[in-house]
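Swiss-Prot has this to say about the protein:
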TRANSMEM  17-37  transmembrane segment
TRANSMEM  54-74  transmembrane segment
TRANSMEM  91-111  transmembrane segment
TRANSMEM  140-160  transmembrane segment
TRANSMEM  173-193  transmembrane segment
TRANSMEM  212-232  transmembrane segment
TRANSMEM  240-260  transmembrane segment
TRANSMEM  274-294  transmembrane segment
TRANSMEM  311-331  transmembrane segment
TRANSMEM  338-358  transmembrane segment
Amino acid sequence: MSSVPAPREYFLDSIRAWLMLLGIPFHISLIYSTHSWHVNSAAPSWWLTLFNDFIHAFRMQVFFVISGYFSYMLFLRYPLKHWWKVRVERVGIPMLTAIPLLTLPQFILLQYVKEKTENWPTLSAYEKYNTLAWELISHLWFLLVLVILTTVSIGIFTWFQKRQETSKPRPAAISLAKLSLIFFLLGVAYAAIRRIIFIVYPAILSDGMFNFIVMQTLFYVPFFILGALAFIHPDLKVRFTTPSRGCTLGAAVAFIAYLLNQRYGSGDAWMYETESVITMVMGLWMVNVVFSLGHRLLNFQSARVTYFVNASLFIYLVHHPLTLFFGAYITPHISSNLIGFLCGLIFVMGIALILYEIHLRIPLLKFLFSGKPPVKRESRATIG
């Protein structure tokens, strides 16, 4: 445990917040894309589909690298049990709060919008369970994965810490090219696991809890560990914060490959396995692109940025039902996809910010949506 706090990484705080907030244009553009979603516009937009695909191809990989970085930083700062308790509370409490307050009403709304209320009684017990798993976890899946990664990383982080204490500090002798090869092989390994499951027991891939707990965790654990290694080895972080032409070009080529796979791939063939390899390496390269841009443009303290850093989780949690409401009841009345997209951003962000300000004034809601217990202020006693 370290008593000396690490210097504040303003650019990482900012990147994490903006990646979270990027979920808003991501889901609103999904309404106007060619992808089938809960609600869709009458006519899809090719450029909003392209925008949506680009965000989807890298956003969460970079997010989990930052999560791993901060998780290990705090692991060194606090006793093990306290670290685990705090980390799980910070993500677990908001997730459990959002299910009854946000995703359950969202599920009920969609049942009426999609006229499925009459079909619900005809579903089997497992079909009801699986539907609820997908719909109630919904956009909260990354919080569940963070709880799992935090628990799994106890042993990994402890091993990292012991190695730091017993070994002399030395540079991480690994280049971005070697990292690219490693992540390519990790993508192939993940694709192989998925293919084996598809051959042996394909039905399990449609199970919501299996998807969130097993498949999503397996895919994102390398990025989480990479974040911890970037904290342990400052020179590795420097590689990510230093612009790399190779990573930029590689990410561009990977995105083109991603689009081609989306266009010509087949779910019954190798589309999902190919996508996992592409997004694994593209995620790594985009860590360099995003970190280097963020380090240059966002590495400063600002009250406005701090506000959105603090508000980002709450805004992300509430934006999803607001987006679905907009798509179901407002989108059909706007003929232009561009105007609809912009109106959606204003509608969702505006209401989300109002709700954020309201929840700050209600201590119970503030605790439930942040997982942070209220700070006890010591009363000033007059001595004399």
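Any Cβ shown, glycine's included, is placed from N, Cα and C.
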Of the listed stretches 140-160, 173-193, 274-294, the one with the highest count of C-beta pairs below 8 angstroms to the transmembrane segment (54-74) is 274-294
Mark yes when the transmembrane segment (311-331) and the transmembrane segment (173-193) have three or more Cβ pairs under 8 Å (sequence separation 6 or more) and no when they do not.
no
Among 17-37, 212-232, 338-358, point out the range having the most Cβ pairs under 8 angstroms from the transmembrane segment (274-294).
212-232
Quick one: find which recorded stretch in 17-37, 212-232, 338-358 has the most Cβ pairs under 8 Å with the transmembrane segment (140-160).
212-232
Under 8 Å between C-beta atoms and at least six residues away from its ends: which parts of the chain pack against the transmembrane segment (311-331)?
16-18, 20-21, 23-24, 27-28, 31, 37-41, 94, 98, 102-103, 105-106, 109-110, 113, 138-140, 340, 343-344, 347-349, 351-353, 355-356, 359, 369-370
